[in-house]
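Enquirer: OK, TrEMBL features for this one:
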TRANSMEM  146-167  transmembrane segment
TRANSMEM  174-194  transmembrane segment
TRANSMEM  200-222  transmembrane segment
TRANSMEM  229-249  transmembrane segment
TRANSMEM  261-278  transmembrane segment
TRANSMEM  290-308  transmembrane segment
TRANSMEM  320-339  transmembrane segment
TRANSMEM  351-373  transmembrane segment
TRANSMEM  379-397  transmembrane segment
Amino acid sequence: METKSIATSLGGGGDRFFIFSTSPSSLFVSTSRISRLPPLLKRACIHGGAAVSGSGVNGLTLTRRNPIVSTRRLVPVRAIDSDSDLPHENQQGSPGFGKLKEYQEWDSWTAKFSGGANIPFLMLQLPQIILNSQNLLAGNNTALSAVPWLGMLVGLLGNLSLLSYFAKKREKEAAIVQTLGVVSTHIVLAQLTMAEAMPMQYFVATSVVITMGLILNCLYYFGKLSKPLWLLWEDFITIGGLSVLPQIMWSTFVPLVPNSILPGTIAFAIALAAIIMARTGKLSEEGVSFVGSLSGWTATLMFMWMPVSQMWTNFLNPDNIKGLSSITMLLSMMGNGLMLPRALFIRDLMWLTGSLWATLFYGYGNILCLYMVNCTSKSFFAVATIGLISWIGLALWRDAVAYGHNSPFRSLKELVFGP
């Protein structure tokens with residue numbers, strides 16, 4: 001199909017233009033990302049007092065029908081005048097073009113790394129699925145009782161909550177990772193139910209929620225779901241997450257603390273009250289925004305609590321650590337580590353916090369514990385340590401280059417405090 005362009009004048013002079021391709025295969029400027037662009041690319045969106053915004057560019061209305069604005073990834077806007085500080089199409093060797101190109105390339109690579117996390121995460125769950133199948137075929141149902149179905153159920157709820165979070169942000173690769181986690185965990189729960197290690201009624205209820213969640217997330221991602229229905233789903237996972245998280249944290253320290261459902265009950269009441277107040281206009285705009293972010297943060301905190309629970313178990317029963325697999329911990333470290341560059345690149349503090357915590361304290365932390373009790377070799381520990389430090393250093397360096405910063409710490413500052 002023939003490629004066309006739209007030109008719009010910026011500023012008082014008629015010699016400066018933005019050229020926007022209207023080819024179906026092209027991507028366009030995303031207004032939600034202008035604030036975090038490198039300085040050179042930001043000047044492509046804000047120039048001579050005119051800014052690209054939801055209201056338009058010097059009178060050019062930006063609507064759903066106008067192809068200038070898209071929710072997908074940003075590509076550089078090309079200037080055609082000789083005086084502009086933006087790169088020309090034939091200036092690929094210039095510093096300006098290099099910065100724009102590096103930004104695009106790192107955007108693409110971080111998305112690929114995030115999608116690549118599917119491989120180690122799948123390898124984490126696949127051996128358990130195969131082993132469960134072998135035990136079921138052999139009639140050894142008792143062996144499946146060793147798999148904690150309640151812990152698997154909590155992990156599945158976390159995956160489902162994060163799936164909704166990433167679907168809302170249109171982070172396709174991360175959403176696929178969470179979808180894979182939901183599906184693979186549900187397969188394990190189905191196996192446990194077949195072995196009568198999980199009550200049938202709980203499995204049926206879980207299956208209904210999973211099916212509903214996957215359908216709603218898919219419809220929302222492709223713009224086929226109404227906003228009220230999506231808000232209802234978000235409220236459901238917010239209440240579920242806030243109810244489960246305190247109960248998990250409390251249960252970790254049983255029998256040092258009494259076995260009680262009081263923490264979960266209190267959290268449920270608070271979550272329900274917060275949702276009702278938010279939906280009936282009893283909260284400020286900031287309060288409504290805070291309630292809306294709770295589902296993502298509670299899911300992240302669920303996964304962050306997993307290494308705390310594991311380390312507490314190691315502390316109480318040091319001999320149990322010998323039952324951990326160093327390869328499993330390495331795969332966990334790799335899966336979470338692959339998502340670090342993307343979380344940093346899009347300045348998502350919640351995502352980076354959860355991924356970094358799981359990388360350091362669940363994956364690498366357990367590798368360190370295994371090394372301290374002589375359950376893994378010195379060379380294995382050294383490779384894991386050097387690889388982790390190098391990967392984090394590479395992510396910080398490339399992010400700084402993509403944004404045109406002189407220091408990688410500038411990226412961390414923007415992540416926490418904004419641009």
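Glycine is no exception: its Cβ is also placed from the backbone N, Cα and C atoms.
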Enquirer: Using a Cβ-Cβ cut-off of under 8 Å, list the residues of the same chain that are 6+ residues beyond the ends of the transmembrane segment (229-249) and lie near it.
Expert: 154, 157-158, 160-161, 164, 212-213, 216, 220, 261, 263-264, 266-268, 270-272, 275, 279, 291-292, 294-295, 298-299, 301-302, 305, 309
Enquirer: Check the transmembrane segment (290-308) against the transmembrane segment (174-194) for contact, please; criterion is three or more CB pairs under 8 Å, pairs 6 or more apart in sequence.
Expert: no
Enquirer: Taking residues 6+ outside the transmembrane segment (200-222), which of them lie with a CB under 8 Å of any CB in it?
Expert: 149, 153, 156, 160, 163-164, 167-168, 170, 172, 175, 179, 182, 186, 189-190, 192-193, 229-230, 233, 237
